[in-house]
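What TrEMBL annotates here:
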- 61-409: domain 'Amino acid transporter transmembrane' (DOMAIN)
- 81-103: transmembrane segment (TRANSMEM)
- 140-162: transmembrane segment (TRANSMEM)
- 174-192: transmembrane segment (TRANSMEM)
- 199-222: transmembrane segment (TRANSMEM)
- 234-257: transmembrane segment (TRANSMEM)
- 269-292: transmembrane segment (TRANSMEM)
- 314-338: transmembrane segment (TRANSMEM)
- 358-374: transmembrane segment (TRANSMEM)
- 380-400: transmembrane segment (TRANSMEM)
- 421-448: transmembrane segment (TRANSMEM)
Amino acid sequence: MGSSTNMVGGEEKVVETVMVGRYVEMEQEGEGKTVKSRLSGLLWHGGSAYDACDFDEIIYVAQVLLTLPYSFSQLGMMSGILFQLFYGLLGSWTAYLISILYLEYRTRKERDKVDFRNHVIQWFEVLDGLLGKHWRNVGLAFNCTFLLFGSVIQLIACASNIYYVNDKFDKRTWTYIFGACCATTVFIPSFHNYRIWSFLGLVMTTYTAWYLTIASLLHGQVEGVKHSGPTKMVLYFTGATNILYTFGGHAVTVEIMHAMWRPQKFKAIYLLATLYVLTLTLPSAASVYWAFGDALLTHSNALALLPRTPFRDAAVVLMLVHQFITFGFACTPLYFVWEKLIGLHDCRSLCKRAAARLPVVVPVWFLAIIFPFFGPINSAVGSLLVSFTVYIIPALAHMVTFRSAHAREVPTRFIRAPKFVGRWIGTYTINAFVVGWVLVVGFGFGGWASITNFVRQIDTFGLFTKCYQCPPPLLPPSPSALPFPSNSPTSSMPFSSNAHNSTAQAFTNISPAPSPSPSHFVHRHHHRHGP
């Protein structure tokens, strides 16, 4: 009996001391605590529970902070608030399931003396180790596709936001520019190294959220504002799936946990991050919708409706930096998958790995130019990819992994079903509800609505559109309003040098227009005064 107790205690100790593997180039063994190393640790070497909480919070809010008012206009105020609360709770539960599966996989491997020093564990590897290659393949396909389009959405958001500060370039041109800027994330080795960036990102989104709230309240309701949502089933489920996408940012949960010094602390972190995010998303979305109402149906970016002020410009710039960070968050797991595929994941040279990662950015760049539909693309990705990646697959994987009594009797407190939900019976009931709800409402109705809306955007604007939802350009002045030369004996002569000079002088006094060209008016003037 005593030996059995010791064995159980030993197994618990194994799980308690789970430590994360580290890249060799990030941290050397036995490094002295110099000023340089302390500063590097403060800014560069993240891994605490606070870092993980920051990571989760900035993955949550990102650019969806600007599209949630658009979702409220589709759902209506009450449904918008309820869906945020509901999907926030649902997302926290499935993030908890992913953390349990990661700890189970990590514990099994470390008991077999597997070294993760130069290897980052990913979600598809957890599925492979616990459930086999078929689960791995399905998880890899959904996870990579979701992260690919998640990166695309961040790039689209960059172009959409900067346009409201500088409209000298169209949104497609800004996509080219920011695609090159975001490609620099290939030099960031792993989630360890986002410590200072994640903190800054949290500050930036907090400012933007409260700017939207306060600016909308101070602006007041526009004249004749209407709050008619929901009006159509298509719009209703499109808005719901955008919120599903908002709280489905835990596709990088495993990578974040692997970057933690004590990953077993992650279980409660996601719930805390969700609660903080709700303090940002609920006031901002409700305030903007209250102020502008149905106008948001044709303005998926909330910043487009607020008047330009230094505060709005500051919010745009801060969101641009934040979206750069979130682009790196979404793309880093893809970098890891690509490195493992080509055999460079354990390479100690940061420059070699950075060069090898560049091909991953190319399809992201290309897809952002093809589908620049800021807002509708969120709903499409939410219904078709997020629904499976971070809701259905984790719930099913947890049920299958712990289906046997032997698996549920492992004496560690990390995989024990929580008491407040009714232990294993309650856990299985909640998992079954998650699978059923997301499959029917998220993937079924949400997929139908979001794809319908997405196809409508393609029919309206076309693929490769230069400037999605940009205001129409100012029309050039009509020919009758142009200043023609005064009547004179010489002005009636066709091709008279004086007439020509007078006309040319007149055109130098008006602002140029792209079409019709000035020469067009000159020729019409000559024919009009011909003999």
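Just so it is clear, glycine is given a Cβ too, placed from its N, Cα and C backbone atoms.
Heads up, TrEMBL stuff is auto-annotated, nobody curated it.
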Best-contacting stretch, by C-beta pairs under 8 Å, relative to the transmembrane segment (380-400) and drawn from 81-103, 234-257, 314-338, 358-374: 234-257
Stretch of maximal Cβ-Cβ contact with the transmembrane segment (81-103) [cut-off: under 8 Å; candidates 140-162, 199-222, 234-257, 269-292, 314-338]: 234-257
Stretch of maximal Cβ-Cβ contact with the transmembrane segment (314-338) [cut-off: under 8 Å; candidates 140-162, 199-222, 234-257]: 140-162
Contact call for the transmembrane segment (140-162) against the transmembrane segment (234-257), three or more Cβ pairs under 8 Å: yes
Outside the transmembrane segment (421-448), six or more residues from its ends: residues with CB under 8 Å to it: 90, 93-94, 97, 233-234, 237-238, 240-241, 244, 379, 382-384, 386-388, 391-392, 395-396, 398-399, 402, 408
Stretch-level contact, the transmembrane segment (199-222) and the transmembrane segment (269-292), CB cutoff 8 A, at least 3 pairs: yes
Intrachain neighbours beyond the transmembrane segment (269-292), with Cβ under 8 angstroms and 6 or more residues off its ends: 49, 52-53, 56-57, 60-61, 64-65, 68-69, 71-73, 77, 80-81, 84-85, 88-89, 91-92, 95-96, 99, 205-206, 209-210, 212-214, 216-217, 219-222, 225, 227, 246-247, 250, 253, 299, 302, 305
